[in-house]
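Q: Dropping a structure here in C-alpha cells format, bear with me for questions.
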Amino acid sequence: MDKLLDRFFNYVSFDTQAKANVKSVPSTQGQRKLAQALQQELLTLGFSHVTLSDHGCVMATLPANVSWPVPTIGFIAHLDTSPDFSGKNVNPQIVENYRGGDIALGIGDEVLSPVMFPVLHQLLGHTLITTDGKTLLGADDKAGIAEIITAMVRLKHRNVPHGDIRIAFTPDEEVGKGAQFFNVAEFDAQWAYTVDGGGIGELEFENFNAASVAIKIVGNNVHPGSAKGVMVNALSLATRYHQELPVDETPECTEGYDGFYHLQSIKGTVERAEMHYIVRDFNRDSFEARKKNMVDIAKRVGKGLHRDCYIEIVIDDSYYNMREQIIKHPHIIELAQQAMLDCDITPIMKPIRGGTDGAQLSFKGLPCPNIFTGGYNYHGKHEFITLEGMEKAVAVIMRISELTAKRAKES
C-alpha cells in the first residue's frame, strides 16, 4: 500500500474542521498545523518547490523524468473538513472483507446500514474504513491528499514516465474560500484535477451556480393588546416570504440537474428577523431568474409597510458552473476518461450538486474538473471510504500523469 492507509490515518488525526463566517483564511489553526506537517513530509520525500503560503496553501512539484516537453498538470485536494460535524479525535475503524449487513460504529447504538445506504450492497468483499459514530471520517478530503501524495511517490519510485506535476492542498474549501487566495500563476499548470469526488469512477465537470441570500426584516413591536394597525410582526413577514417560494424546489425535493432554494437559518422577534438562504441552479439563466424571484418576493411582501419597517435583501454570488470553462478544453475530460478505462474503471459522469475549489479555479484560468476519492456519505458520522476505492484513485492519478507524457511524445 506504500503507506496509503498510514498517510490517511495520520491526516485524519488532525482536527481541521472549518468555521463559517470567519474572515481569516485558514479559518482554524488545525488546518495550518496539517499544512505545516504536509510541507515537512513533502520536503522529506524529496519534492521540489515546496511552499506554504500565509493562507495555508501547500504547493509542491514532482519534477519531470522525461526529456521531451510535457504540459505541466496539477492535482489538488483540500485540508479542511465540514463545519457541519466534528472532526476532532477521529477514530477510524477498519472492516475487512465486508460481508453485508449492519456495521456497528463504535460501542454505541450507531450503525452503518445498507437499508439506509444501499451502496453498501455493491461493496461486498471490500475493505471499509468507517467512523466510530462520534465524528465524521475526513475522507473528504484527506483521502484525496493521501491519494495524491501516494501516487506521486509511486510515479517516482517506479520510474513511470511523466512531465512536471504540481500538487496543492488548499484550506477552507468547505466554506467556499479554498480558491480565494490560490495563486494560479505560481501553481503554473496548464490544467489540474481536484481529487474530491465520491465513489469509484466519478468524473465531474459540472457544478451548481451558487449564491447566498441574507434577508433582514424590520418590524414594529407594541403591546399586543393595543396592536391593531400599529404592530408589524417581522416574524409574520418572514413566514409570508418563505411561503412565496416554491415548496417543491428545496434540497429534499430535488436531484440530478434540479435547482433549489434552501432556507438555512431563521431567527428573530416581532421587532426584527433574519433569514439566510442559499440558491443553486446548474443553468445560468435559471440561476439569475431564481435570484430575481427572491428580490421580487421581497418587494411584494414589503409593499405598503410603514417607512420605518422594511425588508432588506443582499445577494452574494459564491461560484459558477465550471462547465462553461471546461468545455473549452475537452481533452482534459477525455484524458481522465481514458485513464479510468485503462484502470478498468467505468467513468461515471455526473453533475456535482455542490461546488469544489475547481469551480472557482476554472474561472481563474486553471481548468479543473473533479475525480473520485472512493468515499461516501460525507459531512457526517456515516462517512466511510473503501481501501479499494483509494487504490483505484491512486492508479487513475498515475495513469493521467503517464498518459499526459505519452501523448506529448506522440504529438
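Yeah, the Cβs are placed from backbone N, Cα and C, and that goes for glycine too.
Annotations for this protein, taken from Swiss-Prot, read as follows:
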ACT_SITE  Asp80  active site
ACT_SITE  Glu173  active site, proton acceptor
BINDING   His78, Asp140, Asp196  Zn(2+) 1 binding site
BINDING   Asp140, Glu174, His379  Zn(2+) 2 binding site
Q: Whose Cβ lies within 8 Å of the mean position of the Cβ atoms of Asp140, Glu174, His379, the Zn(2+) 2 site, other than those residues?
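A: The surrounding set, listed in chain order, is Asp80, Thr81, Ser82, Asp84, Leu136, Asp141, Tyr378.
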Q: How would DSSP class Glu174 (Zn(2+) 2 binding site) in three states?
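A: Helix, per DSSP.
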Q: Excluding His78, Asp140, Asp196 themselves, which residues in that chain have a Cβ inside 8 Å of the centre of the Cβ atoms defining the Zn(2+) 1 site?
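A: Near the Zn(2+) 1 site, beyond His78, Asp140, Asp196, sit Ala77, Asp141, Gly144, Glu173, Glu174, Thr194, Val195, Thr356, Thr373.
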Q: Can you give me the Cα-Cα distance between Asp196 (Zn(2+) 1 binding site) and Glu173 (active site, proton acceptor) in Å, rounded to a whole number?
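A: Each residue's Cα considered, Asp196 (Zn(2+) 1 binding site) and Glu173 (active site, proton acceptor) end up 10 Å apart.
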Q: Whole-number Å distance between the CA of Glu173 (active site, proton acceptor) and the CA of His379 (Zn(2+) 2 binding site)?
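A: With the alpha carbons as reference points, the distance is 13 Å.
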Q: Could you work out which of the binding-site residues (His78, His379) has its C-beta surrounded by the smallest number of other C-beta atoms within 10 A?
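A: Among the binding-site residues His78, His379, the lowest count of other Cβ atoms within 10 Å belongs to His379.
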Q: Express the distance between the Cα positions of Asp80 (active site) and His379 (Zn(2+) 2 binding site) as a whole number of Å.
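A: It is 11 Å, counting Cα to Cα.
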Q: How long is the line from the C-alpha of Asp140 (Zn(2+) 1 binding site) to the C-alpha of His379 (Zn(2+) 2 binding site), rounded to the nearest angstrom?
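A: That separation, Cα to Cα, works out to 8 Å.
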Q: For Glu174 (Zn(2+) 2 binding site) and His78 (Zn(2+) 1 binding site), determine the Cα separation and express it in whole Å.
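A: Distance (Cα to Cα, whole Å): 9 Å.
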Q: Helix, strand or coil at His78 (Zn(2+) 1 binding site), per DSSP?
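A: It is in a strand.
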